[in-house]
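Working notes, beginning with the structure itself.
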Amino acid sequence: MADNSILCSSCYPILSLFFLFSCLFSRSLSINDQGLSNTFTISSFRYPKSEVKPYDLRYIRVDLPPWFSSLSIEVESDVELDAKSISKVPKSTLPMICFRDGSPPLPDVLNSSIVELGPLSNASFEGLKGQNVQCYPMQKNILVELTNEQISPGVWYLGLFNGIGPTRSQSKMIVRSPDYSFSANVSVEGCTTSTMWGQYCNQTINSLSCFLSDSYNSTENMVSCKNFQTFCHGEGEVKVYLLEILGVAEQLTIMALNASLSTTVSNNTLKASGTNLTYYVRHGAMPSMALHDYSGDIHKAPLVIHSPKVGRWFIAVVPDLSKEVSGSQNSSIQVCYSITWQVDQCPLGKAGLNCTSERYVLQTVLRRDSSPFESYYLPVSGKVSPDSANFPLEPLSSNATNGGESDNSWTYFLLSIPRGAAGGNIHVRLLKTDIGHIQQSIALIASNAAAVLPAYWALRQKAFAEWVLFTSSGISSGLYHACDVGTWCALSFSVLQFMDFWLSFMAVVSTFVYLTTIGEAYKRTIQIVVAILTALMAITKATRSSNIIIVMSIGALGLLIGWLIEFSTHFRSFSFSSEFCLNVPARWQTIRGWFNNLLKTLWRRFRWGFVLAGFTALAMAAISWKLESSESYWIWHSLWHVTIYSSSFFFLCSKVDTVNSENQRSPDGNYALTRQDSFARGE
């Protein structure tokens with residue numbers, strides 16, 4: 001028994017040592033795995049949940065350093081759109097997500113914007129080049145993982161829009177799309193070594209450098225730089241070269257010289273006359289057969305790029321040795337060559353073809369008496385005055401023509417935008433007239449004068465409440481549109497918008513209530529209820545299209561309630577005999593008589609020509625509202641003002657003034673609507 005206890009006690013130290021060694025071993029394995037990894041996380045952040053209102057926008061900025069390897073973007077939203085519904089929604093109200101390199105995307109004003117109605121995926125970025133903007137419909141869940149083979153380093157912007165098009169930056173009147181909310185996760189991975197590239201940072205990059213001993217002046221106006229190195233690789237083996245253009249250049253030439261074949265076994269060198277050296281060149285990112293800016297055979301003809309972009313150029317070369325390998329027993333054949341590149345630059349102050357055009361550098365000038373860091377740019381030249389931010393172009397234009405064409409003369413301006421700049425504006429002021437904008441403003445403001453028609457008729461009938469309402473509605477609408485077009489704002493825009501829509505809703509409903517003959521107490525009750533409802537509509541989503549139907553329904557309901565109140569008031573005065581209750585034929589004859597008298601009373605109460613004209617004008621107003629767009633907004637909305645006020649005028653005129661006969665009853669006791677003199681309200 002004692003031996004067993006000794007054996008058991010000796011097992012515990014052995015198990016403890018085994019457990020300790022296993023932990024140390026697993027730790028060393030994990031360290032080795034991390035050391036073998038070529039990537040690391042540069043940045044990772046979460047964009048909180050935000051709301052995007054109609055024609056509003058949000059920007060997310062992502063900085064990608066030169067050594068980044070991949071970018072992961074995950075966006076979640078409450079947008080419910082499928083492939084079928086996307087095609088039915090106009091772009092002016094469609095939630096969109098846009099991407100752009102270097103500056104915030106503005107698809108409203110850029111001709112280079114590409115709007116795809118398909119889903120967003122990794123393959124969507126194959127056609128994105130330069131400063132193009134690509135936009136896609138917003139989805140409920142978006143997950144995109146982009147590599148340095150698809151996009152270039154720098155500053156990338158994600159723009160989230162709730163409707164795109166010129167309407168977003170024009171009148172705020174056309175705002176009829178719902179809000180949506182979103183949240184985003186953005187993660188950036190990078191390469192641990194700057195000489196490695198590719199999605200997994202496993203591709204070696206050969207940097208092409210230029211030394212002072214290699215540079216020379218080829219002509220009087222040109223400065224060139226060359227570099228010679230010998231590179232060897234076999235069939236299908238890709239070598240990638242990196243060339244960085246630091247300044248503005250007129251031409252970049254890349255050539256492959258002294259191409260030869262060599263074998264690793266015999267060290268023999270042969271001429272590579274039939275060898276193909278296929279190249280793929282791309283600016284800012286790794287080229288491939290699918291994604292590249294230029295391609296060809298660099299052994300047969302040099303690559304010439306006119307006005308190359310400043311930044312990194314990647315050149316991938318893939319040899320095709322199928323002819324040499326097929327005729328040789330040795331498959332270890334390599335092609336060796338030297339890369340020669342030349343950058344042609346114009347001297348200071350010159351640019352363009354043959355360096356004959358003028359070039360000016362715009363320098364930063366701090367604006368006087370303004371907020372900090374606000375500045376403008378002026379050309380470094382004694383031809384313009386430094387006292388103003390605006391400078392004329394005539395003294396700076398080039399005298400020489402481009403290519404011998406007298407009508408084709410170029411002048412270049414260079415502007416260095418500092419890293420991290422949020423944006424800027426370049427204005428070219430031309431001789432123009434504001435007649436078009438003035439005409440649109442006059443049409444939108446002056447068309448509210450149509451409110452004089454119903455206001456005049458209401459005053460003539462001594463309906464002072466309706467007179468005040470129509471007059472106030474016309475004035476507030478004119479002030480609102482004067483502020484909307486940028487003429488003059490009497491109050492804040494939100495206050496003017498609320499007053500315009502609220503008084504317009506009240507005017508439409510009051511027109512229907514005016515057509516009833518109920519007492520003033522009932523009318524005041526209905527109008528107070530309507531005022532509360534329309535105020536809520538005007539303060540929440542005033543510009544949605546459904547408000548037209550809602551307001552018309554409220555007005556029709558007010559008219560129906562007024563008639564029901566009148567009917568119930570007179571129905572209580574009727575006494576039914578036992579013969580009416582028991583004699584079925586007599587009962588149906590009495591009901592038929594009531595119905596006939598009701599139709600006769602309705603026919604005598606209204607001028608049906610004005611009723612028809614009112615409905616016609618109302619239909620025209622609905623059509624005008626539906627046809628409003630960013631291009632023709634001022635035309636159709638001006639017509640909307642005229643037709644909606646005209647319809648109210650026609651409906652007011654349709655009511656017949658009758659003699660007050662509230663206690664008068666038809667000889668046969670049948671029901672008839674009350675006849676009331678409208679002048680009695682003013683006495």
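Start at 1 and count along the chain as shown; that gives each residue its number.
Placed from the backbone N, Cα and C atoms, the Cβ positions cover glycine too.
The feature compositional bias 'Polar residues' is assigned by TrEMBL to 661-677.
If you look up TrEMBL, you'll see 661-683 marked as region 'Disordered'.
Residues or ranges marked as signal peptide by TrEMBL: 1-30.
Distant neighbours of the transmembrane segment (501-518): 454, 458, 463, 465-466, 469-470, 472-473, 476-477, 526-527, 530-531, 534-535, 537-539, 542-543, 547, 551-552, 554-556, 558-559, 562-563, 565-566, 606, 644, 647-648, 651-652, 654-655, 673-676; these residues of the same chain sit at least 6 beyond its ends, with a Cβ under 8 Å from one of its Cβ atoms. Per TrEMBL, the feature transmembrane segment maps to 501-518 (among others).
Marked as transmembrane segment by TrEMBL: 525-542 (among others).
The feature transmembrane segment is assigned by TrEMBL to 548-565 (among others). With a threshold of 8 Å between CB atoms, the same-chain residues lying at least 6 positions outside the transmembrane segment (548-565) that come near it are 505, 508-509, 511-513, 515-518, 522-523, 526, 530, 533-534, 537, 622, 625, 673.
Taken from TrEMBL, the feature transmembrane segment covers 608-627 (among others).
For the transmembrane segment (633-653), the list of distant contacts is 167, 170-171, 173-174, 440, 443-444, 447-448, 450-451, 453-454, 457-458, 461, 466, 470, 474, 477, 504, 507-508, 511-512, 514-515, 607, 610-611, 613-615, 617-618, 620-621, 624-625, 627: same-chain residues at least six beyond its ends, Cβ to Cβ under 8 Å. Sequence annotations record features per position, and here TrEMBL assigns transmembrane segment to 633-653 (among others).
Panel annotation: around the transmembrane segment (608-627), residues 545, 548, 636-637, 639-640, 643-644, 646-648, 650-651, 653-654 of the same chain, lying at least six beyond its termini, place a Cβ under 8 Å from a Cβ of the stretch.
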